[in-house]
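The transmembrane segment annotation in TrEMBL covers B:19-39, B:51-69, B:76-97, B:103-122, B:172-198, B:229-251, B:257-275, B:282-302, B:308-324.
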Amino acid sequence: MLRNILLATSVTLSLLAAGPAFAAEKKTIAVSIPAADHGWTAGVVYHANAAAAEINAAFPDIEVVVKTSPSASSQVSAIEDLSATRQLDALVILPHTSEELTTPVAAIKDNGTFITVVDRGLSDPEIQDLYVAGDNIAVGFNTAKFLVENLGGKGNVVVLRGIPTVIDDERIKGFQDGIAGSELKVLDIQYANWNSDEAFKLMQDYLAKYPQIDAVWANDDDMLLGVLEAIKQSGREEIKYALGGNGMKEIIEKVMAGDAVTPVETPYPPSMIKTAIYLTVAHFTGHAPVRGSFKLDAPLITKDNAAEYYFPESPF
Amino acid sequence: MTDVPAAPPRALQGWSIGWGDVGPFLALGALVLIGFLINPDFLSANNVANVVTRSAFIAIIAIGATFVISSGGLDLSVGSMAAFITGVMILFMNWAVPSFGTAAIPLGMAVALVTGIACGLLNGTIVTMGRIEPFIVTLGTMGIFRALITYMTDGGTVAIDRSLREAYRPVYFGNVLGVPIPILVSLAVALVAAYVLYRTRFGRRCIAVGANEDVARYSGISVTRVRTMAFVIQGACVAIAAICYVPRLGAATPTTGLLWELQVITAVVIGGTALRGGRGRIWGTVIGAVILEFIANLMVLSDFVSEYLVAAVQGVIIIIAMLIQRMSKR
């Protein structure tokens, strides 16, 4: 045990481990997440596996099991299979959809399982013991604030939004709140489905349509990659800022390098799954109360704090 | 010797455009006119070059699909296949760059082409030898190719090596005498395809097999060979499209080429090829792909469509384009 404590890297971890974990029998924590089908979910899978490996090594009394599922229905089957084959002490779940997962998760809770919900809430918030999420409104709001300040309160902005979902709506709402009261004008908002190819095309069209664009905001970094390529091709010089969101490592690298057009980034980090797993483990090992809601801030990532959000090994 | 409906006249109209073929061109003309009235920037040289260049991927893939569809087949796997070939090509080039330098690019192109042909051969062989509906076979391979690209990228992105990025960029962004290279590539592919479909024995057999499989078989045509060959041509076309695609964003992701198959089929049908087979129109297909891209472009350049309704308006325009095309045949 002593050696394990020494191995544990973070201060928090060693504090947690010093708790009464000794006597307890082995606890099982199941982690159910969507399969990697695009950059962000790939990051979730990476961080969930990393957390499982670290915790399994640090705490012999805890076993973290990670299961990925490609769809909502297969996620339902996955958690039912998990709970049928063993006693689950905790379930950390990032649900595919709120509605479909609510009843199955409620059934698992009825067996006495501690429920941690990540990112997307269930339809009934009573079910969760712990809720961990990022702040989509802040993603839009902080980006908008940065643009208002750095463009001197006025200018023309074009926006690329993702797939029609709550996440997308919240980011756009935050952005509109952020520019309210300034003379920043949103020339256009169109969907590009969080896809770099579609963003490339949309940005080409924006450039053809508007002779003067001061800044571009793509509410996700995959789209920002397409935007940057379209700007580069056009040779247009007047665009001062092209910003994204989420914290993709390629974009964080730009921020670290002091890129003039993309000097900042806002995180909606897939590593929140790791935060959720560690907090859940604390409930069992640290005798630390964790019930409640934990909302990760989306502060501006600048050159100074970029390292905190940079995961070179992650696919995202 | 054979009872092949309408094959000889088709052979004659291959190069000159007959009255039956003007439909897609009329639809395109109408669209361009409306677009210009809505926003004069629509016809700016830059915009036209951007849009036509963008349509090149779909056009090239759709040229291959014209063979598959006119021979009575269907290939739903083309979008996933494009992503898969892109992934294989990038991984190969990144592996080859330490030993071969920028020569990794032509080698990568060769690998892409071989991969594409192999994928097409796989589809074709399962369809013909296994005697399974092409819809089901390619639905299966669509899932397989999509899963393989997701696996290769770990669900994230595989990007092309930085040292190759600048060297390869001109293949999408460069031009010859002002004409973007992807446009030249799709024109070249279309010229070769038009020759093959309209002027060779294989082309006539393709149409014959699509028009009536039994009659074609009784006339001594190897339906298996013709159909398989059509899928192989499709695979090669997808590879050519992938070769032009890679330099644009320099990366492959699990969402690369998503739903391209639907755009491809739409382009082919707008172009005047019969979805049931028996009639193929190469130039119509190319125009069909350009029309699709212009519609999307027009949605952004015009101001009176809410962002929420873009897809609906696109659907309506596609249907109207088909109607114009149909009526011009009478």
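The backbone N, Cα and C atoms fix where each Cβ goes, and this holds for glycine too.
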What same-chain residues lie close to the transmembrane segment (B:51-69): Cβ under 8 Å, and 6 or more beyond its ends? 75, 78, 82, 134, 172, 180, 182-183, 185-186, 189-190, 193, 197, 206, 210, 230-231, 233-238, 240-241, 244-245, 260, 263-265, 267-268, 271, 273-275, 277, 280-282, 285-286, 288-290, 292-294, 297
Count the Cβ pairs between the transmembrane segment (B:76-97) and the transmembrane segment (B:257-275) that lie under 8 angstroms and are 6 or more residues apart in sequence, then report whether there are at least 3. yes
Contact ranking winner - B:19-39, B:229-251, B:282-302 against the transmembrane segment (B:172-198), Cβ under 8 Å: B:229-251
Within the same chain, where does the transmembrane segment (B:257-275) have neighbours whose Cβ lies under 8 angstroms from its own Cβ atoms, ignoring anything closer than 6 residues to its ends? I mean 6 or more beyond. 20-21, 23-24, 27, 57-59, 61-62, 65-66, 69-70, 74-83, 86, 142, 210, 281, 283-289, 291-292, 318, 321-322, 325
Please determine whether the transmembrane segment (B:103-122) and the transmembrane segment (B:19-39) are in contact (criterion: at least three Cβ-Cβ distances under 8 Å, sequence separation 6 or more). no
